[in-house]
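The structure appears right after this line, and notes come after that.
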Amino acid sequence: MDAFKLLTRATKLKGGAAPSSAQSSTRLPSTGKAANPQLFRSSEADKVLEEARHGKKRKRVAGPEAAESDDDGAELNFFGSSKARRSSASMAKEQEKEQQEQQEHRDDTSDADDADEMDEVQCRTVLNAHKIKVTDMRDLEEIQTVRVESEEPKKKKKKRKQQEESTPALTKKEQKKARRVYPQPLVSFKELRTRYKISRRLAENIAEQGFSVPTEVQLGTLPLLLEGFKVSGNSKDAESIEPDLLVVAPTGSGKTLSFLIPVINKIVRHHHEQEEERGIFSVVVAPTKELASQIVNEGRKLVHGTGVKITLMKKGMRVVDREDDDDENSHSEDSEEGSESEQDEPSTTRKKKGKAPVTKSDILVTTPLLLVNALSANRTKPMATLPLVRNIVLDEADVLLDELFRDQTLDIWRACTHPELRASLWSATMGSNIEDLAKSTIKERKQAYDRTNSYPLLRLVVGLKDSAIPNIEHKLVYAATEQGKLLGLRQLLHPAAASASDVRLRPPFLIFTQTIPRAIALHSELRYDIPAEAGGSSRIAVLHSDLSDGQRSEIMKNFRKGEIWILVTTDLLARGVDFRGINGVVNYDIPNSAAVYVHRVGRTGRAGREGGIAVTYYTKEDIPYVKSIANIIDVSEKLRGKDGEKSIQKWLLDALPDLSKKDKKELKKHGVKARQSNLKSVKDDKEHRKTRISTKSGFDRRMENKKKALIAASRNRKSKTQSTDPGSDNESWDGLDG
């Protein structure tokens, strides 16, 4: 009973009306889960999906409804004894339990067979409405030969070969149409158990996590990875083959769940079929430790009770059992035999500690360098192989196949020597060069294992490729100078009188900078901006790669718990890390590329949450580099269908200068030149002073430098005097003379 309703029964107050309107007006990502995580929807697609759901429900509900109607007549004996009524009620409950058990058994066995597949028109309607585009990346000749062979009888093959020589080449539009594929979409997460026959325990774990409506990327990828791709069309007799997959989907759309569910289900099946064979069956590669640990945390929730083990790769772990290690250990034992007896016990303990046991895990989540060092003994030996690995997953694939990680990632890929290896690449941004590299690598593997025509390579794109999510608000603010950016940031922390043009951003939020020194400087500048009553300096923290693993994990834990409100960081947290309750992102320094901007602002607005804000400050030095960001904001607003005044005006897009390819490459590698930490010339040093993050005057800074210089000089004098008087340290005080 609600106490407020009880005490206000005689009044005319309407409870709940005012709060609901207030809540709807101030809807933020931190207020909770979105009702529907999907970014793109339409009434036609919803109707098709509803028909698919209700079609199954009618079949399931038909039996219990009839039983319930029969039971109602027995329960309506109002003039019978109380014992009889109780016994009839208990009998009805027992019958209900039996019916539920029978119904669960039917759901697991017969519903998948009874469920009608969508035809190609319905599949096309659903996929187009959710802006899902699936493309076959194989050569056109290979696609056409497979389709024609499935349609034509064997007698007509000779005639077809003769006609192929005379047929004209397809236009670009016809080629795109020939490559388009319309697979069966996922209607609901319940289908994973009933139709795709995933493990019962895995299905229960998914339900416990509260997943009900699949996002666009889950709607498109899960059927392909669980059921496979029908190479010769959507006919029932067509053979389904698990494809290699390239996925480009918005940030926060559930890509981690999309690749973990099929991998876990595949390993569970393998455990049932071959109980004796154990080892690493899947490798998930991520660019940062934070993202890798997040994937492991999500995976542990899904593998609970399934018998599948998921492990985070750490320094010193052994992944394979090499014969070279045994030879080396025996050699070291022989060399230490002649040592003294006092040193025998410590040496044996050191040997035991040095050789760690081989990791017993089914799924290994790692960063590239850690696994390469483990397989090559810190680059001192040739790469060992992982012969049992059947799935390799590259999360944030565009970074892993970029110059920084490319060699390490390809070494891991080549080390997976199983002929049935499947690769899946996932990211929110993926350039054509990355796609070409992945395509060529997969093609080389197929040729090496004589499997040229065995399985397809598909690309799935959700929404517009390489664009920001449409459910957040973007603000591009000109601050002129570094001091202007600091002033704007402080206005976000301490908002004055509200106006229509002001940006209102409530904690928690992230602040991104270009370099580690700038992140440290900004943190020290903002450290005391939050009053002590609200928690003071403990509410602001800085996170970067120079910190130890323990410090980084502690900061991440406190930020997730809500003890830290504002986190200043570099691009270390720009990719993959899922902070679901973040209200906004501040780009204190502009990102190095358009792709980095997409990933930075994608830390807010996760899983369809509305109300996130992305604020980007730019100065006079940034003007040559801003156009790519302005274009992304403009496309995002068009995708959103936003009415009213746009944040990016056409005159601004026309006025901003274009950037050459050379300058783009330089910006991507080093960032804005004025903010680089390794400046050499005097002219660059003057530019660096302009971009210093500080509100101290030049006089105060000179006085501080003088003080530091005096302290350093006094320390030098003391060290010199101590070195010149060696006997003074050895003198002892004999006490007072009597």
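Glycine residues also receive a Cβ, built from the backbone N, Cα and C atoms like all the rest.
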Query - Among ranges 191-219, 220-248, 278-306, whichever one Swiss-Prot labels motif 'Q motif' - result: 191-219
**Report entry** Candidate ranges 395-398, 499-502, 599-602 [criterion: Swiss-Prot lists as motif 'DEAD box']
**Finding:** 395-398
Query raised in the report: When DSSP states are folded down to helix, strand and coil, where does THR256 (ATP binding site) land?
Result: helix
Query raised in the report: In the same chain, outside ALA249, PRO250, THR251, GLY252, SER253, GLY254, LYS255, THR256, whose C-beta lies within 8 angstroms of the Cβ mean position for the ATP site?
Result: THR215, VAL217, ALA428
Report task. Might you list, by sequence position, any residue in that chain lying six or more from PRO250 (ATP binding site) with a Cβ less than 8 Å away from its Cβ? Result -> LEU39, ALA428, VAL462, GLY463, SER467, ALA468, ILE469, GLY602
**Report entry** Residue numbers, six or more beyond the limits of the motif 'Q motif' (191-219), whose CB comes under 8 Å of its CB atoms
**Finding:** 33, 36-40, 56, 107-108, 111-112, 115, 126, 130-132, 185, 226-227, 247, 249, 253-255, 257-258, 261, 264-265, 268-269, 301-306, 460, 462-463, 607-608
Query raised in the report: Name the residues of the same chain, 6+ apart in sequence, whose Cβ is under 8 Å from the Cβ of THR251 (ATP binding site)?
Result: ALA428, ILE469, VAL598, HIS599, VAL601, GLY602, ARG603, GLY605, ARG606
Requested in this report: Run through the motif 'Q motif' (191-219) and tell me, per DSSP, how many residues are helix, strand and coil.
Outcome: 17 helix, 0 strand, 12 coil
Report task. Return the residue, from the listed binding-site residues SER253, THR256, with the maximum count of other C-beta atoms within 10 angstroms of its C-beta. Result -> SER253
Query raised in the report: Where's the emptiest Cβ shell within 10 Å among the binding-site residues GLY252, GLY254?
Result: GLY254
Query raised in the report: Which ones in the same chain are close to LYS255 (ATP binding site), with CB under 8 Å and 6+ residues apart in sequence?
Result: VAL217, VAL247, ALA249, ASP395, TRP426
